[in-house]
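The structure under discussion appears below in the form of structure tokens.
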Amino acid sequence: MAKPLTDGERRKQISVRGLAGLGDVAEVRKSFNRHLHFTLVKDRNVATRRDYYLALAHTVRDHLVGRWIRTQQRYYERDPKRIYYLSLEFYMGRTLQNTMVNLGLQNACDEAIYQLGLDLEELEEIEEDAGLGNGGLGRLAACFLDSMATLGLAAYGYGIRYEFGIFNQKIVNGWQVEEADDWLRYGNPWEKARPEYMLPVHFYGRVEHSPEGVRWLDTQVVLAMPYDTPVPGYKNDTVNTMRLWSAKAPNDFKLHDFNVGGYIEAVLDRNLAENISRVLYPNDNFFEGKELRLKQEYFVVAATLQDIIRRFKSSKFGCRDPVRTSFETFPDKVAIQLNDTHPALAIPELMRILVDVEKVDWDKAWEITKKTCAYTNHTVLPEALERWPVSMFEKLLPRHLDIIYAINQRHLDHVAALFPGDVDRLRRMSVIEEGDCKRINMAHLCVIGSHAVNGVARIHSEIVRQSVFKDFYELEPEKFQNKTNGITPRRWLLLCNPGLAETIVERIGEGFLTDLSQLKKLLPLVGDEALIRDVAQVKQENKVKFSAFLEKQYGVKVNPSSMFDVHVKRIHEYKRQLLNCLHVVTLYNRIKKDPTQAFVPRTVMIGGKAAPGYHMAKKIIKLVTSIGNIVNHDPIVGDRLKVIFLENYRVSLAEKVIPAADLSQQISTAGTEASGTGNMKFMLNGALTIGTMDGANVEMAEEAGAENLFIFGLRVEDVEALDRKGYNAHEYYDRLPELRQAVDQINGGFFSPREPDCFKDVVNMLLNHDRFKVFADYEAYVACQARVDQLYRNPKEWTKKVIRNIACSGKFSSDRTITEYAHDIWGAEPPALQTPPPSLPRD
């Protein structure tokens, strides 16, 4: 009888190293047909378009798994410091094309699919966006995952596998209507369920103090089931993991609560536990304070920390037994980055595990926690800051409330010792806010419990230091940093704008795709006639393509020779879509007043979602669609001005509209947009920016030269001065006839003849309580737009500025951002050693 295999031999038998890569066209075809038959159980007679998409997805996924396993093996062998990026949002978009691009498979797949009589682009369109985010925060997390994999960092994204992502937006009679985003309806070929790593998460219960320590008892348990999605780096054979948790009820859930007859009710009530991962809260920059949301925040943190500690304790290859019992080295092996305050409970939860479970003494546990955690602040808007009622914690997380009180007491003792007698400072710096309803300030908890706190653009980090966390900065100035946001050039150039990428590669090679600073090599070519021609031609092709898409999707005809003026982002008062509306109405009035004048034709596109409960944002959408209805059907205006609301703006739509844009609108009130990343995407794709000195616009102007952007409006210090003086919108309304005309038309029902009073509340807000000072910037904005028109009339000079902007956008790669995080915050340098491809032997 054959001798039984050793563990090592058995592992070699199922190793992926022996599998040949499927890079060539014939292999892709073969694999595609195999999946169509054996995975999907279809033949070409009955297969649907979705079957073809799934067959291709599985074919491409086959290329990932070897690298994925190999990457994880290598991490277990080398035991590098792990980076854990905790976020309640990951706005990933589609996966198929990104995976083909990062693995260098796109050409082979394109040819194979063509030979099979199918169209690759058509199949790509079938994939649902993974819309597990609201906007910038979630998309940043997705770009960061791409960069961490491309840099070879041992990084993991941890979040929630929402059954329903950000709602689908329909426009009905000009109003936003929300539809559920059932993105998992047809299954998700990119994820792998990992039931063997399912973990319990506790809620409610009571706290018992005894000589042996503290116990949290009589809790309700919900299980967290992990689903893993591969995150491939760009052509480096590294594949990292995004692990998303899904809530499952335990098998005995509620059964003991019922008498003999209650079995069916108990099974039906399992839904209550599983609701935790049901839906993404659709609020952007707004705190609502719902108990289910707090449950989501604790759920992801509790499951993730158990997973992190399991991996820390058994972090050598092939070993599931605990090998580390001491937590001394925990901060040397683990970095936890908190993406905003949503995962703030990681701080008290790590303390609970260390003190209650692992029996580490408090001071040591606190030192470990602080060295491990770091916090990124994403907003300065007061309504966005998370402040949870103490009463909710008392009920839901009683042990964590105790721990937060203890953290706060020690913190305040420290402050009192440094600033004796300064009672107001203690009040300002406390984690607990006193008042009618006692609240926990999660941002304060994050600052106290982290070794590093960063803002996301230089101007924002300055506001964080001087205003939002001024007292904390005075206490620990060395803790505060800036890390200007970035975007991945793989998705936001190579994937979405292959024509422009190719034009650049022809001039400077392809090194810029992993070192975006190399775009500087284009600077000497700014005046090169051939480059000017090629860049302009690519832009025109993108505009023609997007025009065809608009006609097909929305039945809207636009003139691709007009200026594409694009304003796409979440609908929010601070982002000032209303300022754009006032300019559009002003242009309309000018055309009507003198139709014989030479106007630069414009297609104004505005897109974005409004939070379902945000009345003013929904009114803004209605206003845009109403203005469009009048302007677009006015025969005197004709082709010179069109206003289009881009329905259901999402990652996959951004990938189409951004490469086609001529003008990028980034017009938030100075001091309100933390960074913005859409601004960077437009810059990289050859649009010029009209914007205020806010967020990353400031650094874009610094990189490219302010004369190569259209900068207008109040600066932060002007806004502050206006606040001190008192902002009076009526001054501008009375002084500026064009503004007054536009406002009166909106107020009087000119754009809403069937509902003349529709926009009275909008105008009332603008005149009497506009926090974001739309009228104060109107005059400068309209004048700046005239400069835009003037330059657009000179295509060559316009394109020169475009090339200069592209050449100066290198700073805004998320690779640069992540390299800075790794060096300055995580203490984990990107490795020089790449992961060998799965077909090479391990060293």
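Heads up, the Cβ atoms here are built off N, Cα and C, so glycines get one too.
The shown structure was predicted, so the numbers you read here are calculated from the model rather than taken from an experiment.
The candidate list Arg278, Arg293, Arg310, Arg324 contains one residue that Swiss-Prot assigns to the AMP site with Asp43, Tyr197, namely Arg310.
Under DSSP, Tyr156 (site 'May be involved in allosteric control') is assigned to a strand (E or B) in the three-state scheme. DSSP assigns Asp43 (AMP binding site) to coil, not to a helix or a strand. Considering only the recorded positions Cys143, Tyr156, Tyr473, Lys569, Lys681, the residue whose Cα is spatially closest to the Cα of Arg310 (AMP binding site) is Tyr156. Distances between the Cα of Lys569 (pyridoxal 5'-phosphate binding site) and those of the recorded positions Asp43, Cys109, Cys143, Tyr156, Tyr473 are shortest for Cys143. Just so you know, of the recorded positions Arg310, Lys569, Lys681, the Cβ with the fewest other Cβ atoms around it within 10 Å is the one at Arg310. The shortest Cα-Cα distance from Lys681 (N6-(pyridoxal phosphate)lysine) to any of the recorded positions (Tyr76, Cys109, Tyr197, Tyr473) is found for Cys109.
Taking every protein chain shown into account, Tyr156, Tyr197 are the recorded positions, and of these the Cβ with the most other Cβ atoms within 10 Å belongs to Tyr156.
Within the same chain, residues at least 6 positions away in sequence whose Cβ sits under 8 Å from that of Cys109 (site 'Involved in the association of subunits') are Val28, Leu56, Thr59, Val60, Met100, Leu120. Counting only the Cα atoms, the space from Tyr473 (phosphotyrosine) to Cys143 (site 'Involved in the association of subunits') is about 29 angstrom.
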